[in-house]
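Undergrad: Structure incoming, see below.
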């Protein structure tokens, strides 16, 4: 394309004015959109540019559905929905089987104590944590696309579910329940937790049916990390009564963390010395073991199973010393053998738990999708976000029939699986085998396990979430906006609740996205103290500290005037320190942001300033050239739409209104490089009633070449202004 556009130079005495191309040659005529489609369009046209009737569209969709119902189409659908059919034929048995077996057994050993611990966090008996560590893992192995993902009980979901369960099925005020009353209360709470799993699974399946896997992009990394870090603090505080042996009711709702702290401090003199001692010894073993596993992960063949060692030691100690009868230490008790009878959750409870199921579904998908993406990028494979919705939706829905509570991918066990040498989803089957052996045969060995040990396991498993706060200094250096999102989400989670904090974080994150679509304008001005300042043209922030309180720092949409670089056909912003050509009478503007209801006002004002348009009449147009340059009335304007990624109805109407005002002011408007979606929206808004197809060009260079021809044929010769 070099040599497409020429530059006009000032004729000297006795010289004729001539249009010179940057390279001294011209290769083709300017291409409009219509001409380009005639030459290169046909079958390769964008669907949005095709004037397709509703009948033809329905026929095309029907043919696509018919192809999907054929034999090859059904096989492709089966391959897409059952990932083992794709990766199992290529499984490297000699290289991967041992690693999957070791990793699966290691994760299964950790699942046993963690499942029981997170069940107490969910306010249900410990055995239901084992069920939740079995059925979801088995289902995800068949449907999931994350090769290194470990699913099961997750502390954040257990905390959210437990708060909802405590609100739906509160404990009687007296607190002294008989054995039968306690069993009835536990059964009601198990039903409420299973109903939440059913509701969240149904919501995720609905999202899968609508192909809403893209929603995971709206839960940004700062939001997810701040959510898990704040929830870890909630878990720590909620386990303090169990650590100290205090029979305190669970606090729910806003400010529950502070209410729990106040209740613990008030009841601290009534703490149980035996349970306090068990908790201190358990933490003294678990925390160093966790640290050793992290520091020496490359040297250890498999991570040290500190949780199961602690469980065995505490059970033996409690049994030999009769701590449950002599010192009133709370123990797990009998774990029923086998599996529960499949039972459909009480559907009458669904309307009450929909509001609680929605944040659970969002957190499940966000955490699972982000974890799967991290390890997929690390090990060079891809995941299907919509298939992940299906996998976790089916996992929660079916496991709720077996009295399981909501589940998702877990941070700790996923990291453990990778460190232990796991390679594929097959490791989940070995993990299920370990949990199955406990459910069928080894359950009685956990009868004397103190519940304080499970509380310590809950707290020690939060280590990775607490350490996410170490990334804050680096996040501050990289992006202060993301730092603000992180802090706002974390404060909202800690002070309010996990679900409300999630809502606040998502809304605040989206607000920052909307604000950042309105680029910061590079401008000069004076502050109240009279100091002249100049801002960065392209950055989200000014180039120096102290920008927050400066009144000259105004958010504006950045509409840049372009000039031609000498000897090329490249157009650059005139504000850049380059030697650029500015043609009198021609204005080339680039609008590098989406055009929607939030930016249409700035779009109108900035173009009015550049073109000299006002409702009350014409004014002198704004120039980006040297101060001593004489402003000439603009006769042709080229609007570069390559940066307009989308336009809504309000933005499209602004462009139509601009075309009318330009025509009334005697300015010839040319549009360049509109993508198919934007062009379709503008067409529907009536743009072609104001402009002709000959005013739509495929590139800025083509539009500028046409503008120069129009200027040369319509008026007196003008001199090029060098900027």
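Cβ atoms here come from the backbone N, Cα and C positions, even for glycine.
Since the structure is predicted, the reported quantities are computational estimates derived from the model, not experimental observations.
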Undergrad: Can you dig out which of the ranges 53-72, 73-92, 93-112 TrEMBL describes as transmembrane segment?
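TA: Matching range for transmembrane segment: 93-112.
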Undergrad: According to TrEMBL, transmembrane segment applies to one of these ranges: 119-143, 144-168. Which one is it?
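TA: Among 119-143, 144-168, the range TrEMBL annotates as transmembrane segment is 119-143.
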Undergrad: Quick test of your reading of TrEMBL: among 190-214, 215-239, where does it put transmembrane segment?
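TA: From TrEMBL, the annotated transmembrane segment range turns out to be 190-214.
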Undergrad: According to TrEMBL, which listed range is transmembrane segment: 305-328, 329-352, 353-376?
TA: 353-376
Undergrad: Between the transmembrane segment (487-514) and the stretches 93-112, 190-214, 353-376, 424-442, work out which stretch tops the count of Cβ pairs under 8 Å.
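TA: The listed stretch sharing the most Cβ pairs with the transmembrane segment (487-514) is 353-376.
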Undergrad: List, by number or range, the same-chain residues at least 6 past the transmembrane segment (424-442) whose CB is under 8 A from its CB atoms?
TA: 83-84, 87, 91, 96-97, 99-101, 103-105, 107-109, 111-112, 115, 127, 130-131, 133-134, 137-138, 140-141, 144, 146-147, 149-151, 335, 337-339, 417
Undergrad: Please count the residues of the domain 'STAS' (576-707) that DSSP assigns to helix (H, G, I), strand (E, B) and coil.
TA: 51 helix, 26 strand, 55 coil
